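Engineer: This is the structure I have questions about; it appears just below.
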Amino acid sequence: VVRKTKGFSWGAAGVSTALWTGVALADVLARARPTRRARYVCFEGADRLPNGFYGTSVRLGWAMDPERGMVLAHRMNGEPLSPDHGKPLRIVIPGQIGGRSVKWLKKIIVTDQPSDNWYHIYDNRVLPTTISPEESADLPETWKDERYAIYDLNTNSAICYPAHDERVTLPVGNEEGVYKLKGYAYAGGGKRVTRLEVTLDQGKSWTLANISYPEDLYRLAPEGEILYGGRLDMTWRDSCFCWCFWELDLPLSRLAAAGDVMIRAMDDAMMVQPRDM
């Protein structure tokens, strides 16, 4: 059960993956030589919104870490960025909530404090469960507490097949039919999804699904391989930033007898999705 909160729900559809071409943020920051007091990197876009220009920040240590893969991107899947995707330049922060990847980038500022931008403070936060959406409107200092900011994505998964309102044809005679359940899963902060389990009895028992990692195909490329005008940097990076796909062959008789189908994913830190939130 998930309680409705202030804001809107992305559901299971707010996810995508792409190949980005650009300059590593860590390389740019290294040339800037941040001082010892520096702790955060702030980004500001050119989109003017009701409460000013959109902006946010991330920790400097993350931005300087090559394993985090943060990039100043000017191409997406080999094509120059379109206006919708942040033309001419955007920041891409893989493994974190999309609100950190500022489009139409115009400013990068290194500071000793998190961004004071309105959208950094009031967007992409999860307040304590003891605070209701109604109460949160009168708690500005709580909104400013960095402990409640969302950065790394939580481990998540979704069922794609059976699809909504899909009809499955039963086999004729005594033949036992098989249905292939399919979906995707992902984790945040560069972690890898290590298992995906399916239950037909609301968690009393689980069945392990098969997982494939399309991202790993790029790790097999020759060292220095050029793709879309840039050198692939995935041959040495251990971080996983893309979704993986799962599937499970299930006898139709079991599927027909199931009241519902539920799944859960686990990452390489052994963090597993809870049934209730």
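Glycine residues also receive a Cβ, built from the backbone N, Cα and C atoms like all the rest.
Note that TrEMBL annotation is computational and uncurated.
As the structure is a computational prediction, the values presented were derived from the model and not from experiment.
Pulled from TrEMBL, these are the listed features:
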type   : residues : note
DOMAIN : 4-119    : domain 'Oxidoreductase molybdopterin-binding'
DOMAIN : 147-277  : domain 'Moybdenum cofactor oxidoreductase dimerisation'
Engineer: Averaged over the whole of the domain 'Oxidoreductase molybdopterin-binding' (4-119), what is the pLDDT?
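Structural biologist: That region's mean pLDDT is 93.
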Engineer: Count the residues of the domain 'Moybdenum cofactor oxidoreductase dimerisation' (147-277) that DSSP assigns to helix (H, G, I), to strand (E, B) and to coil, and report the three numbers in that order.
Structural biologist: 12 helix, 48 strand, 71 coil
